[in-house]
């Protein structure tokens, strides 16, 4: 540590609460909490929480140039002080006469020729060794290593050059150093290398850094550089050294000492101090002359390819401990993380802690963790009802994947229940796909292939193909008024009503089954509206009365039923006038559209068609019944565009699984991020050209990647199987073939051409039935296949049990399953050592072993795969 007339700080290496300020004198301070019993009345306030108390002063060092604190616990508070005349004096602060430092305090180490002492460094292991770096002298060495336990040698130096003063004790003078290095040069800075305490790193005036080994001082390793000031070793990376010249810092790696690893950005002013943080790896602090800012360089370690010389990432920032005061020096706290004390030229001190850079990390399961200093924090998600409603879409998709959402291909509508059953858009989507599937199966039975493709094209395309529409007029059922209401019928409109779920398949167009299902679900208002739209006002009143008397019914439904019973078709009646004005005040949308229908003119049903709170399927079904061939396509087109822009899944009923459906689903994914629903939906019945759409492929691949990230490998395999059934073109080609070692032909290809044998890998080693032959040799050249490393049987022989476990409960009869695709009989081998065998045997072996089962082979087969030791999340 260099001093001068500007204050410098030196922290005790073993006392976390003591430090020394040195300029023209040495002042020992103790730092502690403000207001504590140890803090005296005259303490200096360093921060809002800490204050410093002066313990001792030593004013006997007027020509002090540098100071170094003794590295061991005992003797306590022993310091070496280098002077401008080259002498090194040992002194202590605040010690009693009985302390161990009594014999060493006052001891002086005198060079042959007087010149300035620039730097001092204690050996961290042999603590009796003290290295001093001096200015150049043509007849003397610049680096002297003193042994503080050595005695005075009167014959070594003339007496007139030994004595410091007339009354000095000659027993305290040492003039013969233990080692002398660096002849005809100057030493500006030096440090001991922690990795080898016999080595010393010197920085000399001849612009070189040199490493000396005290066991052979005639040999040295050196490199030419201008950065020869302030050499210091990173305490957490002992091969990394920092040095500086003027405003530039060089970082060295002692293992590759030819040139600096990298240099930091040059500062406009000369540097005065550089120091590594003792509590944080790779954090370097620098200070420039006449500055109030300390610059910090955080050196990050990033993985890099072998052989590439890539500089590490450095994050630079500046801190300003004092608002306006110039900083003379600073010192890191030896144990408190990111804490330092700074001092100004007027000895004003400030204690502060740096804010740590925070690193955030999201896991694939949406858990959040962040690191701050030495602490790791995990963010726990609130499990309350509000948090349940605000779950991230990734969390929802993960939970749905665990419930096998999307995989029910028989009762397709149940998929919305697997998703939680609380999303009306998902409910509408899966019911739409369910009705499409039902009608498709009915068409297949009737062998009407021309209609099969029309079903999944959506109501928009179905309506456009409508022909032969007939208009009928029907009277109200259950009303005294015999007003005729016009309705429209066609085969395509009936198909649309079936897809909306209003009527069932077949010639019967009765809505009564649909009304009963709505009553069972407690949707009284919706059921009454559907009955009213089918011109059965008495049934609507009956449903409302039943709903009012139910356990959770609304008594106001009786009032609505009473209002319906007074229906009249007279345009100027009081009933019609009051219903038109008061219906908008009704909070329930289905009650509102009921009165809108009753008070509207034929063909002008905007109050029903554009009520956004009503389900799309009900509005579309109403339109198919009451709009003519000119009005219906216009309305469907307008509603389709609204659904596409909003990304509303109810619009799949209109678009179908077509390009318009992909556009709608794209808006939905952009809004929600739900690639899971998008993938399953598009696989249900889309034509080949839609499945080849890059957007659809992107959703599917992203969902597969999500399953892999969640370690749902079994579920991803299920999804791939599900996908290959619905989209045969997605089945990937075989990527691995087993070829014969003798003839080189593919065994699987040869076997696939053999009659009565099945295809591919599946038949190897599976007995199947007595009539099936075993494939234990190459079908091409009849040479035997390799042997299993454990059972020593030729591959193709069926496995019986898994040897190597030694536990009866772990053994299994692997031949009880007679399927040809039994996994335990498959070939498996290590890509490194090429040894292998039956998959079942290999799995059993590597449960208890890490090395290859072949004798004399030390290959760690299972550990070569980074995922070899991972456990699927869906099997935990």
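Yeah, the Cβs are placed from backbone N, Cα and C, and that goes for glycine too.
What Swiss-Prot records for this protein:
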| type | residues | note |
| --- | --- | --- |
| REPEAT | 59-101 | repeat 'WD 1' |
| REPEAT | 112-156 | repeat 'WD 2' |
| REPEAT | 266-307 | repeat 'WD 5' |
| ZN_FING | 738-784 | zinc finger |
| BINDING | 740, 743, 778, 781 | Zn(2+) 1 binding site |
| ZN_FING | 785-866 | zinc finger |
| BINDING | 833, 835, 852, 857 | Zn(2+) 4 binding site |
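Among the binding-site residues listed (740, 743, 778, 781), 740 has its Cα nearest to the Cα of residue 835 (Zn(2+) 4 binding site).
Excluding 833, 835, 852, 857 themselves, the residues of that chain whose CB lies within 8 A of the CB mean position for the Zn(2+) 4 site are, in sequence, 789, 830, 832, 834, 851, 853, 854, 859, 861. If you take the C-beta of residue 781 (Zn(2+) 1 binding site) and look for same-chain residues 6 or more apart in sequence within under 8 angstroms, you find 740, 742, 743, 745. Neighbours of residue 740 (Zn(2+) 1 binding site), defined as other CB atoms within 10 A of its CB across all chains, total 19. The helix, strand and coil residue counts that DSSP assigns across the repeat 'WD 1' (59-101) are 2 helix, 17 strand, 24 coil. Between the CA atoms of residue 852 (Zn(2+) 4 binding site) and residue 778 (Zn(2+) 1 binding site) there is a gap of 26 Å, rounded to the nearest whole number. Comparing residue 857 (Zn(2+) 4 binding site) with residue 778 (Zn(2+) 1 binding site), their Cα atoms are 27 Å apart once rounded.
Neighbours of residue 778 (Zn(2+) 1 binding site), defined as other CB atoms within 10 A of its CB across all chains, total 23.
Taking DSSP states H, G and I as helix and E and B as strand, the repeat 'WD 5' (266-307) has 0 helix, 20 strand, 22 coil.
Annotation: 852 carries the greatest number of neighbouring Cβ atoms among the binding-site residues 743, 833, 852 [cut-off 10 Å, Cβ to Cβ]. When the repeat 'WD 2' (112-156) is classified with DSSP, helix, strand and coil residues number 0 helix, 19 strand, 26 coil.
Counted within 10 Å of its Cβ, the other Cβ atoms near residue 857 (Zn(2+) 4 binding site) come to 15, all protein chains included.
Its Cβ taken as reference, residue 835 (Zn(2+) 4 binding site) is surrounded by 17 other Cβ atoms within 10 Å in the chains shown.
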